[in-house]
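Notes follow the structure.
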Amino acid sequence: MSHNEKIQDENKLIAERRQKLQKIRDTQKIAFPNDARPTHKAAQLHRDFDHGDEAALSQAGTVAIAGRMMGKRVMGKASFVHVQDGSGEQIQLYVSSDALTEEVYEEFKTWDVGDIIFASGSLFRTKTGELTVQTNAIRLLTKSLRPLPDKFHGLTDQEIRYRQRYVDLMVNAQSRDVFKARSKIISYIRHFFEARDFLEVETPMMHPIPGGAAAKPFITHHNALDMPLYLRIAPELYLKRLVVGGFERVFEINRNFRNEGVSARHNPEFTMLEFYQAYADYNDLMDLSEVLFQGLAQTILGTTKFDYQGTEIDFSQFRRLPMRDAVCQYVPEAANILEDAPKMVQLLKEKFHIDAGNESDCGKLMTMIFEEGVEHLLIQPTFVIEYPAVVSPLSRRNDENPDITDRFELFIGGREIANGFSELNDAEDQAERFKEQAAAFEAGDEEAMHYDGDFVRALEYGLPPTAGQGIGIDRLVMLLTNAPSIRDVLLFPHMRPE
């Protein structure tokens, strides 16, 4: 069947269903009743009675089920229906004219797959052993005007699955499982930090000054105040203000927004966990992260070793690797030129086809080589440490080498999953770094940070020794659900207009 024929066929079915709905309206019946109260979920019935004997089934009494009709077989005066409810499972109904009035049964025969119905009755087991509700009452709750995807071919168009997630969730159990796992992951994280005396907080989503990360912001305008506002790219500067104020352990799970590209790993709107702990350093946070990730894997998957896109990931051990060592190991031709900016610029151009222009800062150039030549090779959990200070404007300098910072990024499966560091709490140093960032912004770097005078003022009151970290929830869910694209773990990912 051609695409046009499919559209014509679907339009014909929609027209037929609209006629059925109009017939219901014409009989002066309530077309969309809202008084059905189910007593059980399909999953609950299967759990409690799949292996029960006849005595157990009879003791169950009357059960009431509500859900979407996913299958229907009419055989004269008797029919079988499969209903799927919010538990994600289906239960079979046996519907016969003997148990219903002739009028009700005739109405039932006109209902379509996709309709939402309510039924009550007693449990029994068919000759094939399937748990079934012998229906003595049945009602139409919501008339579905659009047919579900063909049950044999399903919803195979990936783009339609993203655009019409509501249909995807109806027909794809795997998609439902992903989002149930996502909810479980977030719940575990929340309890993990609460158990360690972290306070969950909420900080602004609209900022007068963009900051907290190197990214291009979304810009909006506040009419009443006649001022520009920026959707937050990170909550970092507000969370550290709270530590200044005396909340020594805080965390937030919320959205960030970055006006950048869309890819298998990037969505303009994404969920981030950020947490800050006073009297801790980046080593403490790496230790804490290992415990968090191992506990998550054990809870969600039942193991710390799991498959991700054909590769076994092992959460039982995490490597710690200085960035310089990583570059030397994975890009050996860079090992002897990391202090020679012109040669690094040449290497970036010849090996990675990256034009670094007139960049002369070796720290920036080494980071560029790392991003192009190393990141995607870090499959097993690896904390890359000792980031150059020039690319870490909010991080504390290393005591022994002020050109690097006490910062790490965690890579798993070739992707950055987390970023953390001992926080810069020297107000004067922070002010100077903000000035450098502001100059870079004025020179055309749209991802450079702005000067945030209020944050500097907060630091002047005194930020205790603190470490902070951000973890990308979406990428973490991708790992733990074996999802190849970030769109697979976002209920409603951003898409181009149809």
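Cβ coordinates are placed from backbone N, Cα and C, and glycine is handled just like the others.
Cβ neighbour count for GLU409 (Mg(2+) 1 binding site) (all protein chains, 10 Å cutoff from its Cβ): 20. Positions annotated as Mg(2+) 1 binding site by Swiss-Prot: GLU409, GLU416.
There are 16 other CB atoms within 10 A of the CB of GLU416 (Mg(2+) 1 binding site), with all protein chains counted. What Swiss-Prot records for GLU416 is Mg(2+) 2 binding site.
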Assigned element (helix, strand, coil) containing GLU409 (Mg(2+) 1 binding site), judged by DSSP: strand
